[in-house]
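Since the structure comes first, as structure tokens, the remarks are kept for the end.
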Amino acid sequence: MEKEYDVIVVGGGHAGCEATAAAANMGSKTLLITMNMGTIAQMSCNPAMGGVAKGQIVREIDAMGGYSGIVTDKTAIQFRMLNLSKGPAMWSPRAQSDRWLFAQEWRIMLEQTPNVEFWQDMVTGLITEKGAVKGVKTSLGIEFKSKAVVLTNGTFLNGLIHIGEKNFGGGRAAERHATGITEELVKLGFEAGRMKTGTPPRVDGRSLDYSKMEEQKGDEHPSKFSYHPTTKPLINQKSCYITYTNETVHNTLREGFDRSPMFSGAIEGTGPRYCPSIEDKIERFSERDRHQLFVEPEGWNTVEIYVNGFSTSLPLEVQEKAIKQVAGFENAKIFRPGYAIEYDYFPPTQLKHTLETKLVDGLYFAGQINGTTGYEEAACQGLMAGINAHLKINGKDALILKRDEAYIGVLIDDLITKGTKEPYRMFTSRAEYRILLRQDNADVRLTPLSHKIGLATDVQLRLVEQKQKSLKALMKKLDNSSVTPDETNTYLSESGTANIKQKVKISNILSRPQVNIKSFAQAVPTISSLITNEDPTVIEQAEILIKYQGYIDREKEMAEKMTRLEEVKLNEEMDYFQFKSLSSEAREKLNSIKPRTLGQASRISGVSPSDISVLMIHLGR
Amino acid sequence: MYTTQETICALATPSGSGAIGIIRLSGPKAYEIANTIFHGKDLTKQATHTIHFGTVRDDNKIIDEVLVSLFKGPNSYTGEDSVEISCHGSSFILGKVIALCLKNGARFAKAGEFTQRAFVNGKLDLAQAEAVADLIASESESAHELAMNQMRGGFSDKIKTLRDELIHFASLIELELDFGEEDVEFADRDDLKELVDRLTVVLYNLIQSFSAGNVLKNGVPIAIVGEPNVGKSTLLNAILNEERAIVSDIAGTTRDAIEDEVNLGGIIFRFIDTAGLRETTDVVENIGITKTYQKVDQATVILYLVDAKKSTKEEIQKTVATIQARIVDTNKRLIVVANKLENELNDKKEVPTAILDKFEGLDEVHYLSALQKTNVEELCAHLVELVKSNIVSNSDVTVSNYRHYEALSKAYEALMKVTEGLAVNITGDFLAMDIRQSLHYLGEITGEITTDDLLGNIFSKFCIGK
């Protein structure tokens, strides 16, 4: 048995899988250690990838050369582009996945990736030497040596599952938790905390009455996540359903409140405010007489159903009684109860931008261990940790994505700069420049960067270059060709916009908000002949660029302004306690975070604008 | 590079001889240095915010009898330990006391350094720091009042309130963007529109008050136009005399008149292009000449001076109409001055009907003799009244700083885009972008977003001692 690797990844969830794939694809000999090889890439919570802001992240992962987009495309049972009624920055891909196929596809892709090896075992400790990681120890007493270790332990570190008044150790329902690592990290000087998350009951789909629910179909013309042409959009799709709780349900749930670990104080960890349990929703929004539930199938062939929105840790009999009072659930049979889980995390302000810990050289954290929530958030951290672990052990410059380059950049910068008090989920509003960070241009933004460091493939880069070339050509055509009033005015009137009196450039017409290139092409042959042979993604890009040019330019300008603060580098060894003119809170925060740039310093909560001015003065600016 | 380790000192009152002069020390050694040169009580053992009588001595040689005021940090202007030494206002004494401070470990303060320290120590925000610069530079009562108001944070408070409302608005939009798929209630567009409308009105008024604020700080631009030899310089001299008469009431404050700046009733009037005025060859028929128009355009008050005896009714009426057509801007005021009425105005200052007829139907006509100084006082009083009623009282908070004006304008522009967006039903992500822009610019005023240029610019404006 081999005992020496370049990179060891601990944990086989979304973060661990992406970290393994990235490091291995870049050329590091990588070992993935998981407690159970049968549960690699489990979707522990809902069987879906993407959504608002999260969908953009999956596209970014794909553009960088990660696997999440490909796996999602290959295993989706429904695809929807959310927020199409809003602007292009908000368009967000989301897919329902077949839970089993998803895990299986990930496993197969990893197996087929060169440089990846597996080991089923529990890591119980780290081997460190002079502040640098040298490997891991396992419960079977084996020592694996490596130059870097990526910890992606998810909810497994001292995981504690709560259902009503019962609680027991576990990393996921029916899986044991991991012990030893937290204690060792604390001994090394890390600060640890507790977080909480939860999941709803799964039910038997055959016991539901869908006629009492609203059907939610997939898109008529589904798109997909991956930029790779090898994956194809779905042809057949499964529907989800929407139903609602009611006052009776709420009253039943309330009866169980005295036995709720949430309210009894049994749960100490902080849960996410934006993804509350059903009991939390009822308690906090008592004025609402109903809450929306999404009824999501767990796969193509299984009858198991995920009841999204009904996350709960109330006693099983309360869960059962209450769920049967939901419209369509009168005869519902529960397969698995909902539960809450508490787990250890490490405040992410203890990390560098590369996700390497400040305390231990070569040790990286990714995923829920950093206080985040969500498959996509975890996956992208794994990707970046894997990339940077490989770069570091090969003596190369780190890859740090900026806030105006990627949601991934926003996420990591937020985590390490501000930390998080509740499980951190990505929202578009966390990004200052969301009009630049669209799902349609993730490849343009990131593939060249990733190719440069040796992850995105030549094929990927050529695709982007080809797309850019076609885009340029099409934009030129739309700029240089005109339409006449005769061929256009009927369409313009029907679209509710002003007629033209003379020949007008096509790009001019397209810039009108009421005009849509697809319907325009259907109505006017000149347009359809121009775009007929173009790739739909190129057409989409062209339309976005023409329509929103003003906004895009303005946001670029703002980003450039911000960049100037980002370019003012701060000494990471600086002792901020020497600056008496800083507020004491700022001194403490700056000293613990040690920001890389003045821009980062300005985003630390507790560091006020006048503190930044003080720093500027100290820097002699 | 600036460090708080050093104690700085400078003269805090204007240089030159006055009744008293104040020297200010600030920094960790302020008490120690003062105590070394001061003979009297042990200053280091006295309570903060107390005043002590004693002498300043150089090796036991008494330099001056002084009053020393103590301010223990952080409860001082700069936030550091500060001492103010009030001496008699002789240049020799003041120079000697400063030299003693320097000898005992203080460093001479750089321009604006006291205020810079106050800003760094969080005693003032950026808008307040700028107001201090204005306060020091303010020459007239109105400008002083404006600067005081801003320094007390009135302006910052107003902007902050505005920002908070906008932040609320922004969060409503963000909510529907990020949670559009969930069962959330959307931000009501009518409510949003109402809020934006209200905000734009407030911003608009603040922006408008810029012209008023600027006028108060830099002087009310006033143009005297008229044919050659209608008595323009005579009138200017007469007005300058009025100022002298006013200021000379306060003994010892008479200053050499700055020829083109006149302080009347606490308001500075600035005569535009007075050099040109004296040699002007403008003729009324040539009022279309660019130069004259420029003067009219720059001025807030236009004095159209007429030789009341020589000019015909037709000429007068025609010129007034021409000027009025030019000044569509409501803030500008035209005053017709009928001059050369030497010996025409009787004791009751009644105007002959033949003259009155020439000015028939015109508002604000002043009949006077600049040469004999008849009615000039009334004209001056009228000018003051005009400015006070039209400019000063327009807004309780006035924007006087160009940087503020620019930021407010940009915030306003972005808000107008929000309004436009709401009108064409644009999606929330673009609305949010413009709202964020507005917030960004409002933040620039209260100092929440600063750049090094900005700071450098602000601090270079401060004169020494404050």
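Heads up, residue numbers simply count up from 1 along the chain you see.
Using the three backbone atoms N, Cα and C, a Cβ is placed for every residue, glycine included.
Over in TrEMBL, the protein carries these features:
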BINDING   A:G11, A:G12, A:G13, A:H14, A:A15, A:G16  FAD binding site
BINDING   A:271-285  NAD(+) binding site
Q.
Which secondary structure state does DSSP assign to A:S277 (NAD(+) binding site), in the simple three-class scheme?
A. coil
Q) Quick one: Cα separation, A:F285 (NAD(+) binding site) versus A:G16 (FAD binding site), in Å? A) 37
Q) Are there any residues in the same chain, six or more apart in sequence, whose C-beta is under 8 angstroms from the C-beta of A:R273 (NAD(+) binding site), and if so which? A) A:E422
Q | Shell of the FAD site beyond A:G11, A:G12, A:G13, A:H14, A:A15, A:G16, same chain only (C-beta within 8 angstroms of their C-beta centre) | A | A:V9, A:C17, A:E18, A:A19, A:T34, A:A41, A:T152, A:G154, A:A366, A:G367, A:A378, A:G382
(Q) Cβ atoms within 10 Å, counted per site: which of A:A15, A:C275 has the most, among these binding-site residues? (A) A:A15
Q) Would you say which of the binding-site residues A:E279, A:E283 has the most Cβ atoms within 10 Å of its own Cβ? A) A:E279
Q: Work out the three-state DSSP category of A:G12 (FAD binding site).
A: coil
Q. Within 10 Å of the Cβ of A:H14 (FAD binding site), how many other Cβ atoms can be counted across all chains shown?
A. 34
Q) Which one is it: of the binding-site residues A:S277, A:E279, A:E283, whose Cα lies the shortest distance from the Cα of A:G11 (FAD binding site)? A) A:S277
**Q.** Spatial neighbour of A:G271 (NAD(+) binding site) that is closest, considering only the binding-site residues A:G12, A:G13, A:G16 and their CA atoms
**A.** A:G13
Q) For A:K281 (NAD(+) binding site), which residues in the same chain are close in space, meaning a Cβ under 8 Å from its Cβ, but six or more apart along the sequence? A) A:R288, A:H291
(Q) Rounded to a whole angstrom, what is the C-alpha distance between A:C275 (NAD(+) binding site) and A:H14 (FAD binding site)? (A) 20
Q: Measuring CA to CA, name the entry from the binding-site residues A:S277, A:E279, A:E283 that ends up nearest A:G12 (FAD binding site).
A: A:S277
Q: Mind checking which of A:G11, A:G12, A:G16, A:G271 has the fewest other CB atoms within 10 A of its CB? They're the binding-site residues.
A: A:G271
Q: Measure from the Cβ of A:S277 (NAD(+) binding site) and count the other Cβ atoms within 10 Å, all protein chains considered.
A: 26
(Q) DSSP secondary structure for A:F285 (NAD(+) binding site), reduced to helix/strand/coil, please. (A) coil
